[in-house]
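According to TrEMBL:
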| type | residues | note |
| --- | --- | --- |
| TRANSMEM | A:6-25 | transmembrane segment |
| TRANSMEM | A:60-80 | transmembrane segment |
| TRANSMEM | A:100-132 | transmembrane segment |
| TRANSMEM | A:139-157 | transmembrane segment |
| TRANSMEM | A:187-205 | transmembrane segment |
| TRANSMEM | A:233-256 | transmembrane segment |
| TRANSMEM | A:268-287 | transmembrane segment |
| TRANSMEM | A:299-315 | transmembrane segment |
Amino acid sequence: MDRKWYPLPIVVMGILLSFVLAMMFGTNTYTLKEVFDVIFNLNMTDQSHQILYEIRMPRVLGALLAGFMISISGLVLQSVTHNELSEPSILGVNAGANLAIILAALLLPALPFVGVMASGFIGGMIVGLFILSMTRYRSPMHLILAGAGISLLLYAVTDFLVITFNLGQYVAFFTAGGAAGQSMSNIAIVFPIAVVLVIILLFLSKELDVLLFGDEMAVSLGQNQTLYRRVTLTLAIMLASMAVAMVGNVVFLGLLVPHIIKMLFGNLHRFTIIYTGLAGGIIFALADTLARVFNETPVNAIIAVIGLPFFIYIIKKRGAKYA
Amino acid sequence: MTSVMLKDVKVELNERTILKHTNMELMEGKVTTIIGPNGCGKSTMLKTISRIISAKEGGVYINDMDIRQMKSKDIAKKISILSQKNRLQYDVRVRDLVGFSRYPHLKRFQSLKPDDYKIIDWALKETGANEFSERMMSELSGGQAQRVWISLLLAQGADVLLLDEPTTYLDIHHQLETLNIVRRLNEQTKQTVVMVLHDINHAIKYSDHLVIMNEGEIIESGHPSDVLTNDILNNVFNINGKITTDPLTGKPILADYDLFCQTVKEVHHGS
């Protein structure tokens, strides 16, 4: 077995540890015993148990899941577009989801929260796939330019609607990003889909490797580049759209986590997909915990504050080799 | 064996004709070298054969099959190409890079099997790249990296190897090392080799067959002793060359060469 798999048990432990920490700390602090009781010995008449089970656990699991999806999506986008700065928002997913949520609020005011999330997912998918098909899956540079341009247009429309109909309060939760307001039923829907999509990506890891290492190599090895670009980008858009529907505009995570993992584990996708996903979950869950501890500070700010120094440290230490 | 034929191939890039109606059959099991001045269409010819560039008219045929009607992976099993600029944007371990070569032999969703690893090990050993197979590509010298790229070509298991300027950017020692590996492998495996070289003496020394190109056309082709003349050097490269016979090998050798116009040099000396 490749020695790059040796750290895997530690990372899986990290998921469990971050789950427990995230359950314990927040606006209110709970003991380790209470957390374990909620999992193994739930008593719904106990008020702490009730809060932990119904509010905090969905939030923590949602954060783990969203971090997992956003980071893997960012990894795939970086590889396929050959662009170090790629992250899910470059394909217009965030802009599409934002607009769809505003439209849903205007046209279907009675829609429950699940419906709002679903409309975000659909909006992200539509815009992401539209940009993909518009650029005919060919040049990565076209993709990035089209994504940036259309995102700007959609944000402008969104802002116009928000200002005209005075919806600022309503969209704040979404544009700021955050894992609040999750429910176990949402997670039960998203989790299996995310797992299936990531398993498909794992099966495509050698295709992603060949795509990453460039056009001439892909042609020389006989890869159908157009097909695999299309398939992998579609999977990435689905993951990003689900994440954006759950936790809003989370930025920087999808850029940061794949880079950290690639610096540590190299560029082969059979390693990076798993590690990126798990590390993304851990980082987002911990960032969300800090957000709760510090009076619901926007989670984007927390990610930037804890992520950036780490990022700079790794670039300085490993940057020469990585570049 | 794999026969490769170019039939009446015409290639245009940005509406400029790069290759004019070219016919050529690759010499099976031999080393063929294409020489010619910059921009004469040498690289384009290799890229057309390996379908990186597609022909505007005519076609490339592998065992009498048009490559446009073949599956891309099937072509990759027959023809492999070493590009001129193999500059990796992303770093990777030597062994993993050579592992990519088995891609055309894998089915969808399949990963490398023990047999593939045997072939990878063999290919690394053939070029001596096994000495540094656990290192990262970024840690290697130019000569070492070139050995890795040739291993990749070998492990791909194609009958036809196309090498686009395999010696560019290498010092003289590593140029000869690379070319020796190519010739030794050709003698062992009887793979068809077609390469583009700039050094005329290398082309003579390492080739069974020379193809001389100019302005998108094949001017002359044949055994190095037959095709290489002072007139050709004069007309194609616009240099004043003196071809003599190497007393040791009996092969032709480009003993001396200079530009026809010496004025620039003289003015420089006189100042």
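Cβ coordinates are placed from backbone N, Cα and C, and glycine is handled just like the others.
Counting C-beta pairs under 8 angstroms (sequence separation of 6 or more), the transmembrane segment (A:6-25) reaches the transmembrane segment (A:268-287) with 3 or more such pairs. Count of Cβ pairs under 8 Å against the transmembrane segment (A:60-80): among A:139-157, A:268-287, A:299-315, the largest is for A:268-287. Packing against the transmembrane segment (A:299-315) from elsewhere in the chain are residues 176-179, 247, 249-253, 256, 259-260, 263, 283-284, 286-288, 290-291, 322: each is 6 or more residues past its ends and has a CB under 8 Å from a CB in it. Outside the transmembrane segment (A:187-205) by six or more residues, the chain places 58, 61-62, 65, 68-69, 72, 76, 228, 231-232, 235, 238-239, 242, 246, 268-270, 273-274, 277 with a CB less than 8 A from a CB of the stretch.
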